[in-house]
Amino acid sequence: MIEWIKKRAGSSPFLKHMLTLVTGTALAQIASILLQPVLSRIYSPEVTGDLVVFSSLTAIVISVAALRYDMTIMLPKSDDEARQLKRLSTRSIVISSAIFTLVSIALYPYIKTNYGTLAAVALLFGGAYIFMAADSAAIQYWLNRKLNYKAIAINRAQQSIGGQLSQIILGAFGLRNVLGLLFGLLAGQLGAYLNIRRKVPESKKPVPPETPSMKELAWRYKKMPLLNGPNTLVDAVRFNGIILLLTFTFGRAMGGEFSKAWALSEAPVALINGAISQVFFQRLATVERGEMTPLVKAAIKRAFLIGIVPFTLFYFLAPPLVGWYLGANWDNAGYYAQALTPWLYLQLASSPIAYIFVVTEQQQRMLAFAVLYAIVPLTFLWLTPYNAVTTIQILSLIMAGMLCLMLTMAVATAQYFDRQKSEDHPEDEEEIEKELEAEMLEGEVIDVDAAEMLGFEDQPHENGKPEEGEE
């Protein structure tokens, strides 16, 4: 198997790059799982819940801090325009970070009175964290453009492992409140950010006078914040809104326990989804009309068969196993992990299938589903009369049901695609494949494809030709 993978990677640049990213991501996730028992024995569920609120609020802003102009870094023909777009992205990030900081300062008295001094102080650092995380993501787009996937993988591992090791060190020296978790997170992010900036000196070169201005490029790609931005924001609000509502409804400890349960339960699913997506993507991007429906149905069936045994075992073993792994104060996390099983099982089957809406140019269907996928769970959590465990159980069933709806939509979309005549719907399969590769290689499972949805022409550019001085 290993020799087969090496042979395939050698003949496929895309697979080679994907394996580089997946390896880095897998190592980071494995290290994160191994460090969880240490962190859970240093920081209480209540303290972890405090950081969860900080992380969720900043994550929503990070998702749109660059106004999605960071995605356009890969599109222009010339590196000079890409540099200008990187500067536009960074300027947008600076403004977003500054706004978050000003709001945190303005709300400081209210947060201090209602949630405590530490919570109010922690949010004051939100702007700095948003800037480093969002600008790191923008730099990753430049590295993606230059095919430097090793640097991307290292950066992701540094962010995760560096932050958690810093948290452990600070906790060992007695800083066991939210500031220990926060300063550790910031230390890991700062180290990773400084290192990734060092890898891209060429992105900061001056641009010739004839290069379009940032204002001109912002107008050229104006559909990014107008169309792609809302979809990204909906996804960010959905997941982070779920965590925030759970925390505010059931308390800080519940938020911390749920976050640990999700981290331990979802990480293996993410790894499996990554492997399935790689295989399914290659076939989906080039499938002939008339063959997509059986392909999609077979992929869904295969995912269900792959997951049925491990998820059944996890459902029964999660309460004692997770509680033992995290420690005595985290017993509830095991029951939350058990309750999440239906949701994660359906996520295993649905995540790779989401690319069908890009290939068939039916992104509007996915956007409509994304809005519904956010409104339904958030409304339930706002109105829930149940206790924490029952609420998570019902939420998981709701999300599983929504994902079943998405699978039904995917099959219907495949059937629609197969019924159409090729001449009625001309496609540039090479362009679609290239754009999908960019999405997968950046590691983001997004619901719409930027260039294809916005009508940008695929422009050959200087990708893959590292400039002098680039690592």
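Backbone N, Cα and C atoms are what each Cβ position is placed from, and that goes for glycine too.
In TrEMBL, annotation is done automatically, which means it is predicted and not curated.
Now, the feature entries from TrEMBL:
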type	residues	note
TRANSMEM	51-71	transmembrane segment
TRANSMEM	92-111	transmembrane segment
TRANSMEM	117-143	transmembrane segment
TRANSMEM	303-322	transmembrane segment
TRANSMEM	342-360	transmembrane segment
TRANSMEM	367-386	transmembrane segment
TRANSMEM	392-412	transmembrane segment
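Two recorded stretches are said to be in contact when at least 3 C-beta pairs lie under 8 angstroms, sequence spacing 6 or more; the transmembrane segment (51-71) and the transmembrane segment (117-143) meet this definition. Counting C-beta pairs under 8 angstroms (sequence separation of 6 or more), the transmembrane segment (367-386) reaches the transmembrane segment (392-412) with 3 or more such pairs. Residues 58, 61, 64-67, 69, 119-120, 123-124, 126-128, 130-131, 134-135, 138 of the same chain sit 6 or more residues outside the transmembrane segment (92-111) yet have a Cβ under 8 Å from a Cβ within it.
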